[in-house]
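Working notes, structure below.
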Amino acid sequence: MKNALTLQDLNKKQAKNLILFLGDGMGVPTVTAARILKGQLSGQSGEETVLEMDKFPFLSLAKTYNTNAQVPDSAGTATAYLCGVKANEGTVGVSAAAVRSQCNTTEGNEVTSILKWAKDAGKSVGIVTTTRVNHATPSAAYAHSVDRDWYSDNEMPAEALQAGCKDIARQLFENIPNIDIVMGGGRKYMFPKNQSDVEYPNIAKHSGTRKDGRNLVQEWIDKMQSHYVWNKNQLLSLNPNNVEYLLGLFEPGDLTYDLERNTETDPSLTEMVDVAIKILKKNPNGFYLLVEGGRIDHGHHEGKAKQALHEAVEMDRAIGRADLLTSIHDTLTVVTADHSHVFNFGGYTTRGNTIFGLAPMVSDIDQKPFTSILYGNGPGYKIVNGARENVSTIDYQENNYQAQAAVPLSMETHGGEDVAVFAKGPLAHLLHGVHEQNYIPHVMAYAACIGQNREHCLKESGAGHLHSTFGSVISILTISRLIC
C-alpha cells in the first residue's frame, strides 16, 4: 500500500528514452505460466515469483483485433502498436485501405511508425528480435508491405515486382537508411540467391535467396562504414563506446530457441539488449528501442509449451537488464503482446507442481492422466488405438513435447482475448484501463514529444498539465480511426 500511495505523485516528465518489449503471442496465461517457470528454475515453488514486468506500476489491457479479423495476426497488430493505426491481417505499415497481397493498394496507404518519428526527432533507434529482422513485428517499424511474407524478392509474385513493390529486406535498408541498431536473424534474405551462408556453408536451405543479386549486407557496410556481426563473439567483443551503427544477423532464418541455443556462438536476447542500449544511450537526445521476444509465438504454434515459456522467461531477463541500464525517471518502458494463443493450464494442480507436470487426478471420462498445460487446438492432438493418448507412457517434460490439444491442426492458432500492457516511467499512467491496441504508440510519442502531437511540449513544465492538452490526443486518435 505504501508503494501504491507513492504512485499518486505521477511522473509527468518528458521521456528521453522509449523502450517497447513485445512478447509475440505472450497472452496472460503465458505470462502467469512463465512466472511460475522462472521461480521453479531458481528452486522456488513458482507461484509467488515476481517477474520483472510484474514490477511495473501501471497495467492495462489492449484490444488486439485487426480491422478485418476478430482473432488477429502479428502483422496487423504490429501496425497498430507501432504506427498507431489498426490494419488488415497480413499487412505491415499500411492502413486498412490496403488489401493483402495486392501490390497496387500500397501507394498512398503507407503509415509511418514511432521508430521513424523518433529518428526524425533526432533520437537513436534500434530493433532487436529473436525472429528474422524482416518478420512481421520488426518490419512494421520500417516497411510498407501489403504482404508480411514478402521477405525478399524471391518470395514475391512477378506481378508485384513488376508493379514496383519492394521486398521487406530491401525496405529495411532503404526506407529509413540510418537505423542505428538492427539485430536478429534473417541473414539469407540479404544475400544473392544460392550464395553459401557463412555459418552453414553449402547447406541449400540456408543459402541466399535474393533474385536481384544484391548483397544488402555489403551495401550497408559500404554505406555506413560501421560494424556488421554474425556471431556472439563478434558482438560481445565490440566496445559500445566505439560503435555508431550495428547490424547483427545471427542466423539465416529465425534465431534458435533459447533452450537449444549454442551459448558459445549465439547471443541471448538479454545480451543483444545489453549491447543495444549501451550504444543507443550515448545519444544526448535519447533513443527508441523495439525488442521482440518473437519465438514465444513459434513455440505455441508448434504446441511446444516448454519452448514458448522459456522464451518468455528469457524476455523477462532482458527486461531486467534494460532496467539496470536505464532510469525510470527519463525512460518510458512498455511491455505487451501482439496477441494471445489458445494455451492454458489448469486441472487443480497442487502448489509447486512443475508447470509442465500432470494434473493430480485422472479424467473421470477416459480414466487417463493429463498434463496441466493444454491447447485448444494444434499438433498435440493424438489418438492412439481410437482413444486419447496416455501421457504417462511418454516423456511429457521433454523440450519439444507437444501438449495435448482438443482439435487437430498442424499449427496451433492465436487467441483473441485482450493482452496485458505493463508500463513504467514518464506518463506511464496514460496506459490504464482498456484501450485499442493502436493507442500505445500515441502515448509513447506523447510522452517523448515526438511525432505530430507536440503542442504540450512547448510548455515550460515539459509534459505536465495534461488536462490542458489532452484534447489534442483525442483528436489524433480520432483521425487514426478515420484513417482505418
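Quick reminder: no glycine exception, Cβ is built from N, Cα and C everywhere.
Fair warning: this is a prediction, and the values are worked out from it, not measured in the lab.
Within the same chain, residues at least 6 positions away in sequence whose Cβ sits under 8 Å from that of THR137 (Mg(2+) binding site) are LEU22, ASP24, SER74, ALA78, THR129, THR131, LEU290, GLU292, GLY294, ASP338. Annotation source TrEMBL lists Mg(2+) binding site at ASP24, HIS135, THR137, GLU292.
For ASP338 (Zn(2+) binding site), the Cβ neighbour count at a 10 Å cut-off comes to 30, with all displayed protein chains included. Residues or ranges marked as Zn(2+) binding site by TrEMBL: ASP24, ASP297, HIS301, ASP338, HIS339, HIS414.
The active site, phosphoserine intermediate annotation in TrEMBL covers SER74.
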Other same-chain residues whose Cβ falls within 8 Å of the Cβ centroid of ASP24, HIS135, THR137, GLU292, the recorded Mg(2+) site, in sequence order:
LEU22, SER74, ALA78, THR129, THR130, THR131, ALA136, PRO138, GLY293, GLY294, ASP297, ASP338
Euclidean distance between Cα atoms of ASP297 (Zn(2+) binding site) and HIS135 (Mg(2+) binding site), Å:
12
I'd like the number of other C-beta atoms within 10 A of the C-beta of GLU292 (Mg(2+) binding site), please.
29
